[in-house]
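**Student:** Below is a structure I'd like to ask you about.
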């Protein structure tokens, strides 16, 4: 471990971190391992199935399902950034992660989580255009426009990730190398930094808060117009179909942004790490697992595509 002295003070700069994870004995760790493994397996299978079904079924080659396929891909990737390492650490004696490994994990987690937030906003805009401006929809939401919107979501996620990662990992970590969490995240890292973290906290609350509030405003405005349009419809069947589709999206939005707000965009979030661990399980594993279920169980087109895929597989 490299060190240097300032007067009578000696500071040690750690090259490795220790992810403390969850407290408890062997039984507790075994139970948590089983829960994490089950959640991750369902997440992988569910999101892979959504990607395969949307890719293979020509009826689902529309902007809405293009965005949904990208959402499933992001969910699959960002849960995979966290879960395998967390599973390995449940029965590890050292629970160590290198400085570079920690920075890499945090970079991709931040990139993919932020991208998911932007994608949810894009999906709300897509529903607004489809329901409120159906005549302009094929032109406005053409393939090139959809691709640009998805790329924009990734660029926004990359910007936030670069800023958060560079500012966080330029801090001196000399007071401790024990991270009170099951993965590398900003709040627990700021707790063990021995430098001034005021700018980091401002960036965390400022950028994350701006993203959450900005995307939420886009979603609320989009659904405000959608609700007005639905109320003007005479067809009950049309209303029911739109409410089913939009209800699925609003459920996903509420779960995702609700947990992110609790963790990142409120004062005092950094100090409440025990609560933060539980909240983190929701947005790293539970929500990526639930999204395919939310969108498939309430969507007749997806259920029909899955049924046909199952029939083809049985017939082979």
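Using N, Cα and C of the backbone, Cβ positions are placed for all residues, glycine too.
Curation plays no part in TrEMBL annotations; they are all automatic predictions.
TrEMBL lists 30-54, 66-86, 106-125, 145-163, 202-230, 242-266, 278-297 with the feature transmembrane segment. Summarising the annotation, TrEMBL assigns domain 'G-protein coupled receptors family 1 profile' to 46-295.
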**Student:** Counting only residues 6+ away from its ends, which parts of the chain sit with a Cβ under 8 Å from the transmembrane segment (106-125)?
**Tutor:** 64, 67-68, 70-71, 74-75, 77-78, 81-82, 149-150, 152-154, 156-158, 160-162, 164-165, 168-169, 183-186, 189, 211-212, 214-215, 218-219, 222-223, 249, 252-253, 256-257, 260, 283-284
**Student:** Take the domain 'G-protein coupled receptors family 1 profile' (46-295) and average the pLDDT across it for me.
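**Tutor:** When the pLDDT values over the domain 'G-protein coupled receptors family 1 profile' (46-295) are averaged, the result is 86.
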